[in-house]
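**Q** One structure is given below, represented as structure tokens, and several questions about it will come after.
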Amino acid sequence: MKLTYNNYLKIDELLALQQLQSEPEEHDEMLFIVIHQTYELWFKQVLHEFGRFRSILKEGQTWGASKTMKRILTILKTMVAQIDILETMTPLEFESFRGFLDEASGFQSVQFREIEILCGQRSDKMIKAHENNPDYVRRLKGRMNEPTLWECFCEYLQADGYDIRMPERRNDHGLVYDPSPHNQQILLDIMKNDPEKALLCELLVDFDEGMQEWRYRHVKMVERTIGDKRGTGGSSGVSYLRRTLHRRIFPDLWEIRSEI
Ligand code: HEM
Ligand SMILES: N[C@@H](CC(=O)c1ccccc1NC=O)C(=O)O
């Protein structure tokens, strides 16, 4: 068959995937589905780029790693901006179909958890949420056994002769490692004397800040849409989400700011 726009991009299949739960159909549920499906596509692309980022760091290519991180950051900006679209939906409009969502929640997004895990943010709760889906559990545990972005970055610095210590995994409360004063000294030296690597460090901080920004925009959207109602996923809602706001992906890169 001749390749066309429609069969190459599987447009017919794609456009058959927006199936509303509400009956009679609530107008805004379409937006809700399209937005979430778009997020999952971007999550997929971010995970794909994480793969490239880690392999290119292994090759010691600073420029390539920076270029990849720049692309990830650009996607993240779009992900944050997309929240504006969903915020055109009023609490009343959301309430019109919220009941049809049952116990479904963004809390169950496996790709979002995969991103968090590769960022070093993990907890057993992520696995527990998928207890009765062995495929998801396998995927998440598999990710937990992969090196995190920070571990790859440390290895790349070691390969270049820096005396960075591989961070020890703590594996509880969502943060894998403790900040390391030893590594902070090395990072300070890099910031002052190795401009190419310093630039890459800044891109990592941009990414960390971007993820925090997404969490902040998400919690504000939740606050204005459902106030302090409990979440469909069973959490306390806004107060649970607020506790995730200050999670850092690269704590050492933040700690050194006050030493410069
Ligand atoms: C009206 C819009 C939204 C509302 C009211 C909302 C509400 C919530 C609530 C209350 C939670 C806490 C878990 C629970 O008990 O359900 C949550 C978690 C989550 N939501 Fe949303 N959400 C909205 C839109 C989105 C969008 C567009 C995404 C994009 C994928 C998303 C992704 C997530 C993720 C990944 C979590 C887990 C966060 C974590 O555990 O740190 N949400 N959401
Ligand atoms: N957790 C939300 C519902 C919700 O937003 C949602 C439901 C199904 C699939 C994705 C969702 N998005 C984020 O949590 C709530 O408690 O209203």
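Using the three backbone atoms N, Cα and C, a Cβ is placed for every residue, glycine included.
Bear in mind that TrEMBL entries carry predicted annotations, made automatically and left uncurated.
In case it helps, TrEMBL gives these features for our protein:
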BINDING   Phe32, Ile33, Val34, Ile35, His36, Arg98, Thr232  substrate binding site
BINDING   His218  heme binding site
**Q** Long-range same-chain neighbours of Ile33 (substrate binding site), Cβ under 8 Å, sequence gap at least 6?
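**A** For Ile33 (substrate binding site), the qualifying residues are Gln18, Gln19, Leu20.
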**Q** Is any of Phe32, Ile33, Ile35, His218, Thr232 (binding-site residues) within Cβ reach of ligand 2, i.e. under 6 A, and which?
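**A** Only Thr232 qualify.
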**Q** List the binding-site residues Val34, Ile35, Arg98 whose Cβ sits under 6 Å from any atom of ligand 1, in sequence order.
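**A** If the test is a Cβ under 6 Å from any atom of ligand 1, the answer is Ile35.
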**Q** Cβ-Cβ under 8 Å from Thr232 (substrate binding site), same chain, 6 or more residues apart: which ones?
**A** Arg98, Leu101, Asp102, Glu103, Ala104, Ser105
**Q** Here the binding-site residues are His36, Arg98, His218; which one has the lowest number of other Cβ atoms no more than 10 Å from its Cβ?
**A** His36
**Q** Going along the chain, which residues six or more apart from Val34 (substrate binding site) have their CB under 8 A from its CB?
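**A** Once residues fewer than 6 apart are set aside, Val34 (substrate binding site) is near Gln18.
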**Q** Between Ile35 (substrate binding site) and the residue listed as 'heme binding site', find the distance joining the two CA atoms and give it rounded to the nearest Å.
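**A** One finds 13 Å between the Cα atoms of these residues.
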**Q** Using Cβ-Cβ distances, find the residues under 8 Å from Phe32 (substrate binding site) that belong to the same chain and are at least 6 apart in sequence, listing them in sequence order.
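**A** Non-local contacts for Phe32 (substrate binding site): Leu86, Met89, Phe94, Phe97.
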**Q** What's the CA-CA gap between His36 (substrate binding site) and His218 (heme binding site) in angstrom, rounded?
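**A** That separation, Cα to Cα, works out to 13 Å.
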**Q** Counting across all protein chains present, how many other Cβ atoms fall within 10 Å of the Cβ of Ile35 (substrate binding site)?
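**A** Cβ-Cβ neighbours of Ile35 (substrate binding site) within 10 Å number 14.
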**Q** Which of the three DSSP states, helix, strand or coil, fits Ile33 (substrate binding site)?
**A** helix
